[in-house]
Amino acid sequence: MSNAATQKRAFSAVLWDYLTTVDHKKVGILYLMGGGFFFLLGGLEALIIRIQLIKPENDFITAGLYNEMITMHGTTMIFLAATPLLFGLMNYIMPLQIGARDVAFPFLNALGFWLFFSGGILLNCSWFLGGAPDAGWTAYAPLSIQSPGHGTDFYVMGLQLSGAGTLMSGINFLVTIVAMRAPGMTYMRMPLFTWTTFVTSVLTLFAFPALTVGLFLLMFDRMFGSAFFDVALGGNSVIWQHLFWIFGHPEVYILILPVFGVFSEVLPTFSKKRLFGYSAMVFATFLIAFLGFMVWAHHMFTVGLGPVANSIFAVATMAIAVPTGIKIFNWLFTMWGGSIVINSAMLWALAFIPSFTIGGMTGVMLGSNVADYQYHDSYFVVAHFHYVIVGGVVFGLFAACHYWWPKMFGRILHEGMGKLAFWTFFIGFHLTFFIQHFLGLMGMPRRYWVFLENQGLDTGNLISTIGAFFMTIGTIVFLINIVYTAVKGEKAPADPWDARTLEWTIPSPPPFYNFKQMPLVRGLDPLWIEKTEGNGKMTPAEPLDEIHMPNGSILPLIMTAGFFIASFGFIYQTDHKAWLIALYAGMAIAIGCMVIRSLKDDLGFHISKEELEREAD
Amino acid sequence: MTENTSTNKINSYQKEKNREEMRKQIITFALMIFFTMIAFFAVAMGISSMFVIPLILILAIVQVGFQFYYFMHMKDKGHEFPALLIFGGIWVTFLVGVTFVTIIWW
């Protein structure tokens with residue numbers, strides 16, 4: 001048994017440990033905590049939006065604050081909640097699934113987390129410093145150029161920081177999967193979650209630069225007097241839309257592909273069958289990623305790109321239904337004839353299939369450019385993307401939490417509360433968003449502060465708001481479940497679900513070096529193979545030997561603090577040139593840390609053989 | 001024991017391979033210099049730019065290919081994923097370029 005976990009340590013020691021950690025598991029937990037915090041924040045904003053729309057001509061919040069709410073809800077949920085929660089899972093689980101002791105660049109991993117987190121904090125500082133961004137989460141120019149105050153500046157700098165962090169992590173995962181698989185773990189033996197992590201990282205690598213470029217142009221337009229998007233000075237505001245969606249559309253696949261991977265782990269485990277059509281699933285993942293890069297203009301059908309461009313993008317969009325359909329059917333066939341266990345993780349997975357299919361279907365409807373002129377900017381669109389993002393990503397995150405919680409925290413989440421959270425959230429979700437399809441078809445535009453009485457929108461909006469409260473209750477029950485589990489939860493064995501992949505071969509929670517000896521992988525679902533054909537344990541691929549581990553470092557945090565300070569400098573130097581001091585000082589700190597990191601050799605440390613033998617399990 | 005006797009053979013095989021590799025490198029290097037010279041002369045001789053610009057672009061693309069495949073060893077085994085990523089990146093950039101040229105700036 002690991003001593004560190006049973007010994008009570010001082011709070012400050014734990015804090016210091018997490019601030020300096022480069023361990024992929026701790027970074028993963030940090031991501032989950034950061035993402036979870038912003039998820040609650042975004043949820044609170046959603047609730048305020050729904051309360052404002054509970055009755056016609058409500059004045060719960062002012063119009064300006066409402067604009068800030070919708071902007072921050074979208075931005076927070078996409079960039080600061082969904083993406084980091086998924087990156088946290090990938091960080092924790094993917095190295096365990098391929099039999100690696102850490103990610104390829106542990107230092108970079110920590111830096112990626114701190115950049116994301118400081119970006120999120122920076123963005124939310126705007127609430128207290130004269131108003132949050134209010135140009136919509138898409139920040140379309142020219143609105144975002146003309147938006148007064150510093151709100152949109154915070155949007156630019158905050159997303160730039162967190163975007164850099166995400167990009168770093170993406171590259172890190174790619175190198176990890178290509179270079180650090182255990183002996184025998186060929187590409188076509190990798191679990192689907194690892195595959196989707198890989199493809200997601202490819203998407204991150206190609207999509208985020210477009211956002212970075214777009215944000216730089218916006219930054220220069222707002223802070224340094226350039227005119228990239230200013231039509232009056234010869235710029236072109238449509239370029240922002242293109243750049244944003246060249247990033248934005250792959251981003252939705254960055255969100256959905258990892259949860260496809262989660263379901264491809266959960267469904268086989270609780271159906272006691274191998275995943276149906278493994279190679280088709282891998283192929284479909286690649287196909288979705290490939291097609292995902294040539295569909296961005298379907299967000300812009302009403303801009304006036306012309307019939308030819310619209311048609312090309314419409315056809316490409318509808319083509320994506322094919323690989324997604326392959327996946328849906330493969331999940332159904334995985335369950336077909338299996339001995340199915342229905343627990344909380346499985347409930348979320350089962351609920352995902354019909355919910356996501358509805359979202360996919362409205363997606364194809366929106367993808368038809370002719371029909372889109374009717375749907376555009378109505379609540380129909382809002383209903384569609386909440387069906388795919390909540391019904392897909394959030395359901396997937398809950399399923400993943402229930403499934404991997406024992407592995408990550410050593411305790412099994414309470415089943416009763418898990419089911420209660422599921423049913424309240426599930427019913428609330430459909431109450432909230434199903435009706436919005438019809439609100440949209442009746443002509444309710446999105447992003448409007450109020451709607452008028454007696455236009456047939458009253459009841460629908462009331463139902464929608466009631467649903468939002470149900471979702472809130474579900475989330476609160478889940479939070480209570482977390483606390484309850486942490487205090488009194490059932491201790492988890494190494495393999496509580498009778499599962500199939502490598503992460504279940506090591507103790508829960510795993511020791512900091514993950515694998516004492518590299519496992520020898522004999523095929524897809526390696527643990528299952530050993531259970532059915534071997535003695536139920538992995539055969540080591542190497543003799544017990546010293547393990548080389550990286551040292552922790554505080555530099556990522558300090559470097560990030562430098563960028564954080566510099567961001568304030570960038571934002572406020574338009575008011576007073578004295579803020580340039582903050583800019584230069586912040587940059588100096590960040591670059592100084594880079595120099596230290598480059599010049600100071602840190603060769604890590606070794607865990608001796610004796611120590612490993614002492615920790616015999 | 002058998003390994004001991006065959007070491008010479010492996011060495012000579014390896015040597016042959018190295019020689020082959022070196023020859024390829026030198027040929028590619030010479031070709032690249034030759035291409036560069038063609039490009040320079042085409043400009044220096046004042047041929048119409050309608051012809052020279054596409055010519056230089058084609059030569060440039062071939063040279064990038066040489067660079068990737070011979071000097072950066074993308075032709076060798078174990079470079080499938082870097083190749084996939086590079087071509088993926090080129091494809092994305094190409095799509096973006098085509099879209100911007102055709103529906104924004106045209």
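From the backbone N, Cα and C atoms, a Cβ is placed for every residue, glycine too.
The structure displayed is predicted, hence computed values, not measured ones.
Residues or ranges marked as domain 'Cytochrome oxidase subunit I profile' by TrEMBL: A:10-522. The feature transmembrane segment is assigned by TrEMBL to A:29-49, A:69-93, A:105-129, A:154-180, A:192-219, A:239-263, A:275-296, A:308-333, A:345-366, A:378-400, A:420-442, A:462-484 (among others).
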Among A:105-129, A:154-180, A:239-263, A:345-366, stretch most in contact with the transmembrane segment (A:275-296) (C-beta, under 8 angstroms): A:239-263
Leading stretch by Cβ pairs under 8 Å, where the reference is the transmembrane segment (A:105-129) and the options are A:69-93, A:154-180, A:192-219, A:345-366, A:462-484: A:154-180
Chain residues outside the transmembrane segment (A:239-263) and at least six past its termini with a C-beta under 8 angstroms from it: 78, 82-83, 86, 89-90, 138-141, 144, 191-197, 199-200, 203-204, 206-208, 210-211, 213-214, 217-218, 228-229, 285, 288-289, 292-293, 295-300, 303, 327, 331, 349, 352, 385, 388-389, 392-393, 395-397, 399-400, 403
Same-chain residue ranges lying at least 6 outside the transmembrane segment (A:69-93) that approach it to Cβ under 8 Å: 24-25, 27-32, 34-36, 38-39, 41-42, 45-46, 48-49, 52, 61, 103, 109, 112, 116, 119-120, 123-124, 127, 132-139, 151, 155, 159, 162-163, 166, 169, 173, 193, 197, 200, 251, 254-255, 258-259, 262, 389, 393-394, 397, 400, 404, 407-408, 447, 503
Cβ-based contact of the transmembrane segment (A:192-219) with the transmembrane segment (A:345-366), 3 or more pairs under 8 Å: no
Contact ranking winner - A:29-49, A:154-180, A:345-366 against the transmembrane segment (A:462-484), Cβ under 8 Å: A:29-49
Mean of the pLDDT scores, which run from 0 to 100, over the domain 'Cytochrome oxidase subunit I profile' (A:10-522): 95
